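Please see the structure below; I have some questions.
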Amino acid sequence: MQKLIIYGGKPLRGSINISGAKNAVLPIMAASILTDKLHITNVPKLTDVSTMKGLLRSHGADIETIEHQDEFELIINTRNINNFTADYDIVRKMRASIWVLGPLLTKYGKAKVSLPGGCAIGARQVDLHIAVLKAMGAMIEIEGGYINASSKGRLKGTHFIFDKVSVGATINAILAAVLAEGETLLFNCGREPEIVDLCNCLIKMGADIIGVGTSEITIKGKDALNKVSYKVLSDRIEAGTYMLAAAITKGDVKICGIDYHIIENLALKLIETGIKVVPIDNGVQVIYEGKLNAVNLETNPYPGFATDLQAQFMSLMTLSSGVSMITENIFENRFMHVPELCRMGADILVRGNKAIVRGVEMLKGAEVMASDLRASVSLILAGLSTNSKTVLHRIYHLDRGFQDLEKKLSNCGADIKRV
């Protein structure tokens, strides 16, 4: 099994180009079911993208992949969809597989989707997905680990209030509503940039969506959607991770190809710690200026601080001057990186959904193991900060969400290699 070997202590200097957003491209790929053909550009080279390609092909889609140096183009032809079951063998690998449920159901009136897998960071139930589809007239049962869904005729527009903000359920509801009969009003929706990107793609396809980027979305269903070409936005989580890498290594890095406003909440937190963050053309520059203050942090739905950056930010706080409190409000069990950071000398105490982080002067290299995607990269950041050797095991998580990570870090001076 592959592992990463990191020799830390080298400040990162240079520039890093950000790839397409994983959490945007996956629902956009699922949206191809709603039309006959969809051309997607700026597609990141990730195993989750390969998994979604495999899932769509299992439904009968024909996919042409055009490879460029830093991205893929996908041309997805879905005219011959003939299988409406998403099997466990594929779905277990990735939670985003649940996003074929809404498109299959709204276009073909039936879908059978295995309960999903992905990172082991809590229950992340599908109850809200099922509830909103039932409100649109779907008949749904869960049998043998599968969601069996059907409808008599088209789904019907509805008014639905999400009990809590759910990115995944918001996406499935939008994907179903764009071809439903009548008007759908969704309340307490996710506002994430990736949801906005999906909506922009659907609007380009001919969907009628009002309220994009707000918590209240109105969708007037169409009979059909059009073939289009669409460029996926850049990945704010990847950008934020490299911003934190620059800070933890006491470096100076330009993060290129990202809109500042979608990473502003992280930028403001970094400024609060004493890190210099400067907006530049098409990106942001992060500069360590000799101090790192402890700050408190709470994860919340967008525009709050992203849960997908919590582990990386915690790595930074392990080296801060003082004590920080990190509160995880999105997922339970998302502190699985803490024992591994403590193996490296971090002083962290977990109490429920809160972690108390007491800054130490330096972390020490160690053999550590990744438990999920974001935890794995937090351990890389920790390893980069040390003056010794760190070995990271179970790195297959990384390839689900970070394209060319070792190359991008090495180009900025990191000593990191995969063996």
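Glycine residues also receive a Cβ, built from the backbone N, Cα and C atoms like all the rest.
Source: prediction; values computed, not measured.
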Let me know which member of ASP62, ASP70, ASP197, ASP308 Swiss-Prot also records as binding UDP-N-acetyl-alpha-D-glucosamine at the site of ARG95, LYS164, VAL165, SER166, VAL167, ILE330.
ASP308
At its widest, how many Å does the recorded UDP-N-acetyl-alpha-D-glucosamine site span between Cα atoms of ARG95, LYS164, VAL165, SER166, VAL167, ASP308, ILE330?
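19 Å is the greatest Cα spacing among the residues binding UDP-N-acetyl-alpha-D-glucosamine.
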Using all protein chains in view, find how many other C-beta atoms are within 10 Å of the C-beta of LYS22 (phosphoenolpyruvate binding site).
26
Are there residues of the same chain, six or more positions away from ASP308 (UDP-N-acetyl-alpha-D-glucosamine binding site), whose CB falls under 8 angstroms from its CB, and which are they?
ILE237, ARG374
Out of VAL165, VAL167, ILE330, which has the highest number of nearby Cβ atoms, where nearby means within 10 Å of its Cβ, if these are the binding-site residues?
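Its Cβ has the most other Cβ atoms within 10 Å: ILE330.
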Determine, to the nearest whole angstrom, how far the Cα atom of VAL167 (UDP-N-acetyl-alpha-D-glucosamine binding site) is from the Cα atom of LYS22 (phosphoenolpyruvate binding site).
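Computed Cα spacing between VAL167 (UDP-N-acetyl-alpha-D-glucosamine binding site) and LYS22 (phosphoenolpyruvate binding site) is 14 Å.
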